[in-house]
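Worksheet for the structure shown next.
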Amino acid sequence: MKNTKNWYESLFSGVYDGLKISFPLVLIYLIAYIHDSLSFNPSINVIRWSFGVIVSTLIFFLIFKFKFFAKDWKLTFTNKSFLIVIGSSILINLIGYFQNVFDLYKESKNQKIIEEKLQNNQDHLHFYFVDMVIVAPIYEEIIFRGIIYFYFIKAIEKLFSQKSWEINARYSVIMCNGMFIMTSSLLFAYLHAWDTYIEAIPYLSMGIILSAVVVISKNIINSILIHMINNFFAFMYVETKEIFSLLIALIAVAIIMCLLELKRKRIS
């Protein structure tokens, strides 16, 4: 009788743990599905779409903030954040540039779909701009860099709570962060509709950079802004040389701002 009871307890515990593990995956799928269903298309009533997007994005962000927001995370934007955002944007575009140089670039299926939408709906470009440049980065960063990272952090805390396990704290954090970066980046690349591995390289490299930014800065605002800048350049079909010129000018401004801030602090 006791063995039967223990068996049922083990079974219940296993099912419960399985549900806990699968919950974030189901949640991510549902959020992605809702976001996809809210994507703009000309047949949608514009006022209804605008209201739905604003309300759903706000609700989604609040759920993330109060349910999946780690204790040491921030939602601030400083001069340091500005440097991180511009520097990361330069790095993403550098990778794209070298892909072209070494003939490793192939336009992805995802990019072709976007270009076809924009070409066929010139009268609705401002709505597509909001959808692709503002809304999509918020959803994608909260999913891939927010919720997923939250569960990796919880996994570390769970490991530390197991007193029977002798775990090196620093090694565990490094290992968990590395696993998060690879998992998040692979999912990000996979879900952006690509047919060949070459097409996946830009999304994979971008995912790695965005994930690393969140791990280092503990600030999802940084990754959202980097994602927005990247989508903005893609939306506007800005040439690589023009992108570099603009970003270098912005990083020069950021450095000057940081130097002035340091000088002000020293004086005070």
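One is the number of the first residue shown, and numbering goes on along the chain from there.
Just so it is clear, glycine is given a Cβ too, placed from its N, Cα and C backbone atoms.
Nobody curates TrEMBL annotations by hand; they come from automatic prediction.
Feature annotation from TrEMBL assigns transmembrane segment to 12-34 (among others).
Per TrEMBL, transmembrane segment is recorded for 46-70 (among others).
Feature annotation from TrEMBL assigns transmembrane segment to 82-102 (among others). Away from its own ends, the transmembrane segment (82-102) comes close to residues 201-202, 205-206, 209-210, 213, 216-217, 222, 225-226, 229-230, 233, 240, 243-244, 247-248, 250-251, 254-255, 257-258 of its chain (Cβ-Cβ under 8 Å, at least six residues beyond either end).
Summarising the annotation, TrEMBL assigns transmembrane segment to 127-152 (among others).
Look at TrEMBL and you will find 127-233 tagged as domain 'CAAX prenyl protease 2/Lysostaphin resistance protein A-like'.
Per TrEMBL, the feature transmembrane segment maps to 173-191 (among others).
Per TrEMBL, the feature transmembrane segment maps to 197-215 (among others). Packing against the transmembrane segment (197-215) from elsewhere in the chain are residues 84, 88, 91-92, 95-96, 99, 104-110, 141, 144-146, 149, 177, 180-182, 184-190, 222-223, 226-227, 230: each is 6 or more residues past its ends and has a CB under 8 Å from a CB in it.
Taken from TrEMBL, the feature transmembrane segment covers 220-237 (among others).
Per TrEMBL, the feature transmembrane segment maps to 243-262 (among others).
For the domain 'CAAX prenyl protease 2/Lysostaphin resistance protein A-like' (127-233), the mean pLDDT of the prediction comes to 84. Panel annotation: around the transmembrane segment (220-237), residues 73-77, 81, 84-85, 88-89, 92-93, 111, 114, 118, 128-129, 132-134, 136-138, 140-142, 145-146, 206, 209-211, 213-214, 243 of the same chain, lying at least six beyond its termini, place a Cβ under 8 Å from a Cβ of the stretch.
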